[in-house]
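Participant: The structure that follows is given in the form of structure tokens.
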């Protein structure tokens, strides 16, 4: 039985994180996953920037938008007036000013060799916000989903 435990442990490590396309890695809070996916104060080339996201999900994400702003500034949008989200919930908030962002779109490749094109944009955004979890920053609400770009 002693030999089985190391083998089981090895299998768990090699299996790695596997999550569906619509889910976030369960070891992260939704706000932390939002930050990983969408907050990038200084623009990076899409192929490099998407590695971090794709390594969590173990697949090439088809499209992703990076907001070139701080988590603190995006979280401040959660204090603005609530509006209806695409999913009909009432926890969305629109930015009061446009921000620089990069839209990354998958052009070719299979994980881990994902290749992306980039489009720089200067637009408003809408985020869904929820109360923070224990390990989140201590804001009243934190961004958990990028609902749309305007």
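Please read every residue number as a count from 1 along the shown chain.
Cβ atoms here come from the backbone N, Cα and C positions, even for glycine.
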Participant: Among 105, 115, find me the residue Swiss-Prot lists at the same substrate site as 61, 62, 63, 64, 65, 86.
Facilitator: 105
Participant: At the Cα level, what's the spacing in Å between residue 145 (active site, proton donor) and residue 129 (disulfide bond), rounded?
Facilitator: 7
Participant: Taking only same-chain residues 6+ apart in sequence, whose CB is under 8 Å from that of residue 55 (N-linked glycosylation site), what do you get?
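Facilitator: Spatial neighbours, sequence-distant, of residue 55 (N-linked glycosylation site): 112.
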Participant: If you measure residue 114 (disulfide bond) to residue 78 (disulfide bond) at Cα, how many Å is it?
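Facilitator: Given the Cα positions, residue 114 (disulfide bond) is 32 Å from residue 78 (disulfide bond).
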